[in-house]
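Input: a single structure, listed below in structure tokens.
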Amino acid sequence: MKALEKSKPEEGLWMVQAPVPEIGPDDVLIKIKKTGICGTDIHIWNWDEWAAHTVPVPMITGHEFAGEIVELGRDVTGLSIGQRVSGEGHLIGTESRQSRAGKFHLDPGTRGIGVNVQGAFAQYLRLPAFNVVPLPEDIPDEIGAILDPLGNAVHTALSFDLLGEDVLITGAGPIGIMAAAVAKHAGARHVVITDINADRLKLAQHVVPRARTVDVTREDLGDVVHELGLKQGFDVGLEMSGSQAALDQMVEALVMGGKIALLGIPPGKSPVDWSRIVFKAITIKGVYGREMFETWYKMIAMLQNGLDVSRVITHRFGVDEFREGFAAMKSGLSGKVVLDWT
């Protein structure tokens, strides 16, 4: 089968011929139709410090996918050959306290497909049946291929009650933009999304017309608070950028007793003004992955009830054009990039 592989410990990925995975009794074999390129895949392509310390070589990469079941393990029930599916890319154990309590996404032994084990940038993927998520007929494959990052957005946005609340989102990457769409869909009053990249903000306005976009290099966030008639500030903050400056700005823009969900990852240690957070009585929640499988149920239900994130997909390439796809993603000018394996 064709597969995109990190074959050497250096920049790039390589198209190779790899054996079709053999499945175990509790696995399924999925024929891949569409895959999304993720920021994690860019780290692996660039072979930065994180990738060099995390990813064994060789490794078939990729973890955002949609496809069709073509083989079932002998003990698999509830799934069928020909069924359209996506799936959770975090593979968990069953022995930790978190897993035994049903908090699967917090299992400390979690491994990721395309990072720790062979991934989805291939014509076929082996996946535990436990991780498989069937796709309803009204959700197309290319949306199925971005459910993983949409799940990050949903998990982050729904960390706190948003109904009637004013929400600040820092970072207008694809996940931040989808979080803005989720927040409006969930009943937030005002949703403001900030960035320093004008192209990303233009895309955010295109995907979520009812959100207010702010280029913080050109516009003062305090003026926006006044413009919207917020007496104290925002009720909820969703930090998606990993920027310390953005987090500092968010803390200042929140009401007393405000809440922050953190998904963005800083490039290193950051000097946090904890006294300001304490004296404003701010609640902070770190967000990792997707709740298994509550996040999946919620995002599929929202997609079937009017949530539209299709415009966040800006580039589509055949898999043989993967270099162009990665170049688009690395440019900082794209939304989601989808590769077609059919």
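Yeah, the Cβs are placed from backbone N, Cα and C, and that goes for glycine too.
Positions annotated as active site, charge relay system by Swiss-Prot: THR40, HIS43. Residues annotated as Zn(2+) binding site in Swiss-Prot: CYS38, HIS63, GLU64. Positions annotated as NAD(+) binding site by Swiss-Prot: ILE175, ASP195, ARG200, LEU263, GLY264, ILE265, VAL287, TYR288.
For the recorded positions HIS43, ILE265, VAL287, a Cα-Cα cutoff of 10 angstroms around HIS63 (Zn(2+) binding site) retains nothing. Looking only at Cα atoms, ILE175 (NAD(+) binding site) sits nearest to CYS38 among the recorded positions CYS38, THR40, HIS43, GLU64. Of all Cβ atoms in the shown protein chains, 28 besides its own fall within 10 Å of the Cβ of ILE175 (NAD(+) binding site).
Contacts of THR40 (active site, charge relay system) defined by a Cβ separation under 8 A and a same-chain sequence distance of 6+ are given as HIS63, GLY112, GLY114, VAL115, in order along the sequence. Note: the Cα of LEU263 (NAD(+) binding site) and the Cα of CYS38 (Zn(2+) binding site) are spaced 15 Å from each other. Shown are the binding-site residues GLU64, ASP195; the one with the most C-beta atoms within 10 angstroms of its own C-beta is GLU64.
In this structure, the CA atom of CYS38 (Zn(2+) binding site) is 14 Å away from the CA atom of GLY264 (NAD(+) binding site). The two recorded residues, ASP195 (NAD(+) binding site) and HIS43 (active site, charge relay system), show a Cα separation of 21 Å. Here the Cα atom of ARG200 (NAD(+) binding site) is found 20 Å from that of HIS43 (active site, charge relay system). Distance between Cα atoms for GLU64 (Zn(2+) binding site) and HIS43 (active site, charge relay system): 15 Å, as a whole number. Shown in sequence order, THR35, GLY36, ILE37, THR40, ASP41, GLY62, PHE65, GLY89, GLY114, ALA120, ASP148, PRO149 are the same-chain residues outside CYS38, HIS63, GLU64 whose Cβ sits within 8 Å of the Cβ centre of the Zn(2+) site.
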